[in-house]
Amino acid sequence: MKLSGFPLSLLCATLFLWLAHAGSLKRCQISMDVHQIEKSFQGIKNTIQTKDVFQNVTILSASETLFNITPSDVCCMTKNILGFYVDKVFRNHEESDPRIQRGLSTLANSFLRIRNALEQCKNQRNCDCREEATEKFQIIVGNYEQMEVKAAAIKALGELDILLSWIIRNYRPKAATK
């Protein structure tokens with residue numbers, strides 16, 4: 001049986017489009033000083049985490065949401081989570097300690113810069129959200145909204161190590177990984 005050129009062309013075109021979509025994150029590189037972000041969090045981590053009274057509850061639930069994201073959804077999920085932290089978590093947290101306030105402000109500004117860069121990628125259609133990524137993000141939002149606002153903000157801030165680990169895993173160039 002002789003295969004005509006049309007099915008082969010269709011297969012090649014489909015494969016090309018899939019690879020282009022999967023590679024969209026590569027076209028959407030973000031510049032960030034991961035070490036500065038980590039340093040800012042490490043400076044406040046213990047103080048924030050000791051305020052968390054719900055040790056058996058998680059918001060990011062790493063095994064279900066973040067670490068099962070496909071490469072084509074990383075950009076979208078990152079943009080959504082950083083926006084969630086900027087718009088809800090940092091705004092809902094009340095802090096009286098100036099040292100912690102400075103650390104949180106540094107983190108919030110870093111997240112805002114990254115989110116804005118990813119928003120530009122989205123505007124160029126390089127950071128589309130698939131339904132699966134949207135559903136996983138909604139799990140995170142739902143976990144947050146099930147808690148009282150102040151407790152949820154503390155919990156989410158205490159889980160920044162999970163988020164930062166995920167960001168580093170997905171955005172750090174392989175050569176820079178130690």
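The backbone N, Cα and C atoms fix where each Cβ goes, and this holds for glycine too.
Taken from TrEMBL, the feature signal peptide applies to 1-22.
Annotation source TrEMBL lists disulfide bond at Cys28-Cys121 (among others).
The disulfide bond annotation in TrEMBL covers Cys75-Cys127 (among others). Cys127 (disulfide bond) counts 25 other C-beta atoms within 10 Å of its own C-beta, drawing on all protein chains shown.
With a cut-off of 8 Å between CB atoms and residues at least 6 apart in sequence, the same chain places Lys122, Cys127, Asp128, Cys129, Arg130, Ala133, Thr134 near Cys76 (disulfide bond), listed in sequence order. Residues annotated as disulfide bond in TrEMBL: Cys76-Cys129 (among others).
Its Cβ taken as reference, Cys75 (disulfide bond) is surrounded by 27 other Cβ atoms within 10 Å in the chains shown.
Summarising the environment of Cys121 (disulfide bond), the number of other Cβ atoms within 10 Å of its Cβ, over all protein chains shown, is 20.
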